[in-house]
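Here is what TrEMBL records for this protein:
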type	residues	note
SIGNAL	1-35	signal peptide
DOMAIN	40-143	domain 'Cytochrome c'
BINDING	CYS54, CYS57, HIS58	heme c 1 binding site
DOMAIN	186-299	domain 'Cytochrome c'
BINDING	CYS201, CYS204, HIS205	heme c 2 binding site
DOMAIN	310-412	domain 'Cytochrome c'
BINDING	CYS335, CYS338, HIS339	heme c 3 binding site
Amino acid sequence: MHFLPQGPGIATARALRKLACLTLAVLLPVGMALAATDTQQIERGRYLARIANCAACHTSEGGKPFAGGLPIRTAVGTVHSTNITPDAGSGIGAYTLAEFDRALRHGVARDGKRLYPAMPYPSYARMRAEDVAALYAYLRAEVAPVTQRNPAPQMRWPFSMRSLLAAWNVLFVDDDPVRTDPARGAAWNRGAYLVQAVAHCGACHTPRGNLFAEKGLDERSRHFLSGASVEGWSATNLTGDQVTGLGAWSRADIAEFLRTGRNGHATSFGPMSTVISTATQYMSAPDLDAVAAYLKSLPGARGEDKPFRHDAATAQQLRQGRFDVPGARQYAVFCMPCHGADGKGFARVFPPLAGNPTVADPDPASLVNLLLDGAVTARVGTAPADYHMPGYGWTLDDQELANVLTFIRGSWGNRAAPVPEAAVAARRKELAAQHPAAAGDASR
């Protein structure tokens, strides 16, 4: 065997190789840990984006995900959702985390323009910094950039003056963290955070005052989640009222509804079907239970402490072919095959009308929409086949629709007010203006 001489150059090279290996051995786990942290943050952001339903508002019909352009109609004008893809020119690609945080939680864009609170920053103002950072990381790393500039807001004066929003924010935006109550337990506190901040339930389900601010931001207000009018629909009362709220629902009922869009009490329709299809069905089981725990803790906003009691008289009359009450005949022809003579429907397929909070709602707007235009249930992974309820605006005139709605709202123990013909006529006109073929033509 021949051995090469061990000169100082070779020894130095070997020492450097050992140092490099040692450095790699030290830094590789650190790098892997950082990569794992980044991945965890991005996945956390993906989950938050889903349950906050960002894509639903920031994606126009037929448009690219998160590129914005969806028209959002308000009482004072129309705004179009913004582009939140990482495009540098028209999206958030040039935003720093601090600038993104300012837009999300304070309603101020990178260029200093005030955002209209159609974007629910009054709710997001209470999000935790680590969740804002996770959402930012996800949008920057996982969403495809799209170059798309969206229409400017079309607001009536004086609401077209964005400078007024600075004062509005001072008056109505509370950026204090969601209140923690140690006595309530982990599930309640997690549910409070999700409902009040991330899922921004109050943006639809809390009534607004004269300046369009939500009348309450948490359970300390009797108005919080007590039901509201949103783009021609009535967002349901989520408090503990027995008839028009969730007083008769259990925690499991609420979780099932948010996961599947149906339970033994109701079936989703309209905008809520979209929320369930695109957002709440993806909530983890613990988060669904947390939301349910929080909602079940809310006292009734309307003081309804007597539970609904079913009355069989209407069912007997329908089965005997007695159609003396206006709307009864139309109900028998168009509604009874699915919802039954007793108004109980078929659980988790066709919802009950007897004791249904939507039927009992003082505002019949959602019912008018359903009868005019029909509805589609949520499409979820556990039940990918959705159900379609047909609309009857094409075959029933305004008075006939008002009659059948009044019949439903006054039968089987329901005690809601009649629906006037004028309400149906007005909504038919609005739908026709928005979608010319949507509301049908029953002028005959």
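The backbone N, Cα and C atoms fix where each Cβ goes, glycine too.
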Problem set entry | DSSP state at CYS57 (heme c 1 binding site), helix/strand/coil | helix
Exercise. If one measures from the C-alpha of CYS201 (heme c 2 binding site) to the C-alpha of CYS57 (heme c 1 binding site), what distance in angstrom results, rounded to a whole number?
Worked result: 14
Exercise. How far is it from CYS204 (heme c 2 binding site) to HIS58 (heme c 1 binding site), counting Cα to Cα, in Å?
Worked result: 17
Problem set entry | Rounded distance in angstrom between the Cα atoms of CYS57 (heme c 1 binding site) and HIS339 (heme c 3 binding site) | 33
Exercise. Just going by other Cβ atoms within 10 Å, which of the binding-site residues CYS54, CYS57, CYS201, CYS335, CYS338 has the emptiest spot?
Worked result: CYS338
For this session: Taking only the Cα atoms, work out how far CYS338 (heme c 3 binding site) lies from CYS54 (heme c 1 binding site), in Å, as a whole number.
Result: 35
Exercise. If one looks at the chain holding HIS339 (heme c 3 binding site), which residues at least 6 apart in sequence have a CB under 8 angstroms from its CB?
Worked result: GLY345, PHE350, PRO351, PRO352, LEU353
Problem set entry | From binding-site residues CYS54, HIS58, CYS335, the one whose Cα lies nearest HIS205 (heme c 2 binding site) | CYS54
Exercise. Which residues in the same chain, at least 6 apart in sequence, have a Cβ under 8 Å from the Cβ of HIS58 (heme c 1 binding site)?
Worked result: PRO65, PHE66, ALA67, GLY68, LEU70, SER81, THR82, ASN83, ILE84
For this session: According to DSSP, folded down to helix, strand and coil, what is CYS201 (heme c 2 binding site)?
Result: coil
Problem set entry | CYS204 (heme c 2 binding site): tally of other CB atoms within 10 A of its CB | 21
Problem set entry | Reduced DSSP assignment, HIS339 (heme c 3 binding site) | helix
Problem set entry | Residues flanking the heme c 1 site, with Cβ no more than 8 Å from the Cβ centroid of CYS54, CYS57, HIS58 and excluding those residues themselves | ASN53, ALA55, ALA56, THR59, PHE66, GLY68, LEU70, SER81, ILE84
For this session: Please spell out the DSSP helix, strand and coil residue counts for the domain 'Cytochrome c' (186-299).
Result: 51 helix, 10 strand, 53 coil
